[in-house]
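These notes concern the structure reproduced below.
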There are 2 protein chains.
Amino acid sequence: MGINQKEILQEIKILDGGHICTPKGFFAGGLHCGLKRKKHDLGWLYSIVPANAAAVYTTNLIQAAPILVTRESIEVDKQIQGVIVNSGNANACTGEEGYRHALLMRHYFAKKMNMKEEHVAVSSTGIIGEQLPINKVLDGINMIGKVEESVANFEKAILTTDTTQKRACVQLEIDGKMITIGGAAKGSGMIHPNMATMLAFITTDANVEQEALQSALKTVVDETFNMITVDGDTSTNDMVLLLANGLADNTKLTPDSPDWLHFIQGLETVCQLLAKEIAKDGEGATKLIEAKVIGAAGEEDAKKLAKSVIGSNLVKSAVFGTDPNWGRIVCALGYSGVDFDTENISVFIGPYQLFANGLPVLFEESEVKTYMEENNEIQILVELHEGESSAIAWGCDLTYDYVKINASYRT
Amino acid sequence: MGINQKEILQEIKILDGGHICTPKGFFAGGLHCGLKRKKHDLGWLYSIVPANAAAVYTTNLIQAAPILVTRESIEVDKQIQGVIVNSGNANACTGEEGYRHALLMRHYFAKKMNMKEEHVAVSSTGIIGEQLPINKVLDGINMIGKVEESVANFEKAILTTDTTQKRACVQLEIDGKMITIGGAAKGSGMIHPNMATMLAFITTDANVEQEALQSALKTVVDETFNMITVDGDTSTNDMVLLLANGLADNTKLTPDSPDWLHFIQGLETVCQLLAKEIAKDGEGATKLIEAKVIGAAGEEDAKKLAKSVIGSNLVKSAVFGTDPNWGRIVCALGYSGVDFDTENISVFIGPYQLFANGLPVLFEESEVKTYMEENNEIQILVELHEGESSAIAWGCDLTYDYVKINASYRT
């Protein structure tokens with residue numbers, strides 16, 4: 001394989017408007033079953049053949065019933081054919097009864113679509129601590145196929161306080177075949193009396209060995225969804241689910257395949273696009289913040305530093321106020337727990353250097369302020385001289401609306 | 001010694017209106033030297049004899065020049081006689097020149113009060129990354145003794161965006177002598193372009209061996225100042241300084257003294273009173289939040305859990321909205337990193353139980369809401385059944401004003 005051919009193979013094409021049903025053999029829909037007042041609240045995803053499945057779940061000690069049921073399904077033979085998702089109620093902290101409700105959702109959806117129960121994943125997001133009005137959900141499942149189906153309806157049905165639907169899709173050539181990876185996600189929505197929930201569903205028609213798929217997802221999630229922060233709170237219901245149904249007919253991908261890294265890049269592109277959409281749509285957010293750290297001693301250090309900047313309420317407030325406040329950035333680096341030589345740090349906001357080798361730089365404040373006012377994506381670059389590692393984290397500004405959304409939901 | 005006498009000895013009397021100069025031999029004052037527009041910005045504290053000194057500093061990797069100079073002073077013979085503090089400028093990220101300025105402050109104040117240089121501590125809080133207008137400070141030092149002196153002026157001179165002065169004082173009997181412990185503190189103020197800074201100065205006329213004093217301070221700070229969170233950002237300038245000048249004339253206290261724990265209790269009382277004042281005066285705060293965790297497997301677990309609750313933006317916003325949102329509390333426990341049996345947790349807000357053994361309790365929402373509206377100190381109690389350890393953490397609500405203060409400082 002010549003270099004030119006290799007370069008062509010390495011191309012990843014982002015499909016504008018592509019989605020979870022762009023990969024072959026996937027169908028999805030969404031409808032209103034009555035958990036929310038008016039909006040779509042029940043979504044379903046279906047592959048015409050069982051797909052190899054990989055999943056990453058919330059690390060919160062308290063895990064919602066649907067998470068337990070999905071884990072059980074995947075454990076059987078690591079395949080999933082259908083996913084049923086409701087919004088409006090998280091079915092978390094609901095004990096035995098909640099667990100039975102999640103089992104019922106799985107059972108009815110499996111029956112409806114003629115699948116094995118253990119090939120169904122269940123997901124919920126919304127209010128915690130209230131029992132799911134299960135009859136509404138089961139009636140909703142019964143309506144599948146009787147209402148107009150569309151991916152947009154699925155994308156809407158998984159949302160809570162998100163303001164926009166989130167989709168992404170890429171195509172790449174592997175083993176001479178065109179494979180497609182699509183995704184849909186929801187971000188941090190605050191639901192009475194609940195917390196942010198992050199859900200992402202990724203589909204691909206690539207043929208991928210299941211263990212490799214799981215390891216790829218873990219790697220990619222660590223670089224993407226785990227690098228976003230809206231308010232630092234981790235939900236009881238978070239989940240990223242990846243289904244690979246193999247209909248692209250490529251030779252089965254494993255970590256030994258020449259195209260393995262290429263596949264991972266494609267997956268990472270989809271996950272990164274979705275993760276950025278989530279960060280950008282953080283509650284009350286007006287701006288996406290991207291913090292890039294370069295020259296760190298190791299990857300873990302780079303990640304910790306980038307996340308410390310993104311997680312600082314002071315940095316987030318400063319971005320909202322379009323205040324080029326390098327002091328708060330430097331301070332967040334300092335308390336990140338990472339050891340580095342403080343006399344070697346440089347900080348940039350957009351193209352402007354504000355801090356060089358541990359000392360402030362004279363800069364034209366109005367220019368930086370203008371950059372921050374005019375851009376919806378604010379780039380923060382931190383340069384160390386400790387090594388070769390880098391990381392990027394994404395977050396959003398902290399605004400009056402964040403407080404409003406989270407303080408006044410009940411009032 | 002009979003039990004009754006012992007009980008009397010164990011009494012700790014909180015002196016309303018007592019302060020850092022209530023212990024024998026301490027004097028303090030404050031004045032305006034021109035770093036701030038109008039308010040007091042230079043404070044000084046003086047003991048008529050050198051005092052044994054203990055200090056706990058910020059763990060931020062980036063440490064301001066005055067922190068470096070104070071460390072150097074204390075290292076010499078572990079004694080401090082005078083403290084010079086300015087607000088309005090943190091002298092942080094100011095390189096060699098900033099270091100020289102801190103040395104100059106130490107030198108001039110030592111000369112002014114006829115002390116050894118190494119018996120002087122220096123502290124600054126305010127803007128970072130701008131050089132200290134050193135001539136203003138030195139002129140200010142020269143004015144000491146020429147202006148009206150008062151403890152209140154000291155307490156004012158150390159403030160930044162604090163809305164109130166913070167003082168505390170206790171008396172207790174040790175070894176047949178009455179000893180007094182006083183304190184002054186400042187809380188989290190956001191200064192252009194800076195971060196929260198916490199400073200506390202504690203004085204006592206007790207005679208305490210220096211190594212024991214340092215160990216007592218470390219222990220007490222871990223239970224008090226290190227258990228408060230306003231926004232999770234740790235400053236470059238944080239410091240707690242404790243001076244014991246021995247003028248109460250008790251037999252020197254060491255960890256082997258029968259009254260050692262009693263002294264620690266007195267010190268803890270002062271530090272806890274100041275810490276709560278700081279949390280209560282968090283930027284934009286309207287309410288103090290006290291999170292108590294009982295029944296944890298170990299003390300570290302209890303602390304982590306309590307701080308996770310206090311640190312959650314979602315819990316903080318809910319308290320601002322007087323929303324009895326147990327879901328966010330349970331969620332914060334779940335992601336604290338502590339392992340516990342989720343089916344055994346109970347959560348109370350004030351006297352109301354909202355969550356019992358892992359499941360929500362039916363409660364009268366309006367009653368809890370009324371409790372939250374009518375109280376300025378909101379108690380959250382979390383009960384586990386893992387062991388005997390407990391911890392308390394303090395924080396404040398997250399409000400529109402927090403965002404306003406921190407977003408719009410420059411604009």
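Here the Cβ of each residue, glycine as well, is placed from N, Cα and C on the backbone.
A 10 Å cutoff on Cβ-Cβ distances gives B:T197 (substrate binding site) a total of 31 other Cβ atoms nearby, all chains included. Here TrEMBL flags B:T160, B:K186, B:T197, B:E283, B:N406, B:T411 as substrate binding site.
Positions annotated as active site, nucleophile by TrEMBL: B:T197.
Looking at B:T160, B:N406, the binding-site residues in this record, the fewest other C-beta atoms within 10 angstroms of the C-beta turn up around B:T160. With a threshold of 8 Å between Cβ atoms, the binding-site residues B:T160, B:K186, B:T197, B:E283, B:N406 that neighbour chain A are B:N406. Ranked by how many other Cβ atoms sit within 10 Å of their Cβ, the binding-site residues B:K186, B:E283 place B:E283 at the bottom. A strand conformation is recorded for B:K186 (substrate binding site) in the three-state DSSP classification.
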